[in-house]
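The transmembrane segment annotation in TrEMBL covers 27-46, 58-78, 84-105, 162-184, 233-261, 267-288, 295-316, 322-344, 356-377, 389-410.
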Amino acid sequence: MDKATLASSSILGILEATHLTANQYNWLGTIFYLGYLAFEFPQNLALQRFPVGKWMSLNILIWGVALCCHAACKNFAGLFAVRLVLGICEGSITAGFMIVSSMFYTRREYTARVGYCSNGWNWFEGQVFLTSQTLMDVAGQIIIGFVSFGTLHVHTTGLEPWQWLMIITGTITLITALSFFFLFPDSPTNAWFLTEDERAKAVRRIKENQTGVENKHFKKEQMIEALTDPKTWLFALFGVFSNVPATVVNQLQIIIVSFGFSPIQTTLLGCVYGVLGNVSIFTGVTIASRIPNSIAWVGIAYYIPGFLGVFLVNFLPWHDRVGLLFSVWITITTATSFVLGLTWMSQTTAGHTKKVTSNAIMLSAYCIGNAAGPFMWRAKYKPRNHVPWIVAGVCYLTCVVLLFSIRGLLARENKRRDAEPRDDSFDDVHMVRINEDGKRTEVKVSKEFLDLTDRQNRDFRYVL
């Protein structure tokens, strides 16, 4: 919901009240992601060094305060500052949820959990305050549509509808931050809702992931491996190109109004976009989680409605406002492909520092795409916006090629490992443990808990 407040405010009076030009409005969308980008790697390092749940709670608290402060802004400079703070805080959310989810769920369960609950990316977000790429994110768009509809009926002398929207959503987030601090676990080892026996079982059940649980020690060699791994950069390119067109979310209300619908109608019509997103993500992650090694094919399939939407919105008659509306709505299916790509990257990366580094790179790419995207929605292209929609279509095609390439790369590596003799280098690793009586004993450590990377562990097989 919080991520959609700027778009909703565009028809609730914020443009007039703060004297925003079209270019300044685009900058408000961009600065959020520039802040996200600049602090993505520091946020990931902090997530490795500090308790994940507590660090995210702090960021959510600051986010809520900044969101409430929107209501006090009178000009572009004030909005620019608070949007920058939101972007800085956002850097911890998706990465934090991905890390925690991988600690609790097996790789077979992970895709569906992130899609249903996430970004997370955004459980997305759960992760109600992440990007509109996950089920709860698009669900948030449905709710905020009704909240926006309600604020349009609020008439007070001190505050305008867009200010009430910021205060309402900001207050909900502040409550969420407190709930997170006391209820959200940092890992299975300290989950308050599990008994000691259940905590041990929770750790053992993710043994098949071969990624360990958590390691607070930063390993330089794992960071270097992440930077030199080709799949890291293929996923990063996918993150860029899949999110340039995603910026239609910030323009959605303005686009619907341009079709001839009133602001009241637009607030409710925006809910449909969220409903279609829910259906799309739910079906996509369900199919991918039930059919082995189908992530790439499902992701590619969900770009097909996006291509159709781009074609129709460019060639339907301008007076066919219902047809144009449906053309825009069906492009939301492409969000499913991004969710699948995000979970796919996490499932194919092992080693805590490598995973943190890869997450930072992927989410930085996500920021770059979202930061660049707003500037294709220029005033000179309105009302048909042919150029932005053509750019969106080209990005969809590029993403299809990237998904196909990643799958081919990982499939070849799996075949190479199947043909290799088994690597027993890490079968006999021991660590020294000091007992309560002070005696030192050696304990054998299973390979699955050695924090090996996917390259080091030759028993690791990539999900396709």
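Yeah, the Cβs are placed from backbone N, Cα and C, and that goes for glycine too.
Contact check: the transmembrane segment (27-46) against the transmembrane segment (84-105) gives at least three Cβ pairs closer than 8 Å, residues 6 or more apart, which meets the contact criterion. Listed stretches 58-78, 233-261, 322-344, 389-410 were compared with the transmembrane segment (356-377); the greatest number of C-beta pairs under 8 angstroms is found for 233-261. Non-local neighbours of the transmembrane segment (389-410) in the same chain are 230-231, 234-235, 237-238, 241-242, 244-245, 248, 296-297, 299-300, 303, 306-307, 310-311, 313-314, 331, 334, 337, 341, 344, 348, 376, 462-464; each lies 6+ residues outside the stretch with a CB under 8 Å from one of its CB atoms. Taking Cβ pairs closer than 8 Å, the transmembrane segment (162-184) reaches residues 1-2, 5, 8-9, 12-14, 17, 53-54, 56-58, 60-61, 63-71, 100, 128-129, 144, 147-148, 151, 154, 156, 192 in its own chain, all 6 or more past its ends. Long-range contacts of the transmembrane segment (322-344) within the same chain, counting only residues at least 6 positions beyond its ends with a Cβ under 8 Å from a Cβ of the stretch, are 94, 98, 110-111, 114-115, 118-119, 121, 124, 132-134, 138, 235, 238-239, 242-243, 245-246, 248, 252, 255-256, 259, 261, 269, 272-273, 276-277, 280-281, 283-285, 288, 295-296, 298-300, 302-306, 308-310, 312-313, 316, 362, 392, 396, 399, 403, 406, 463.
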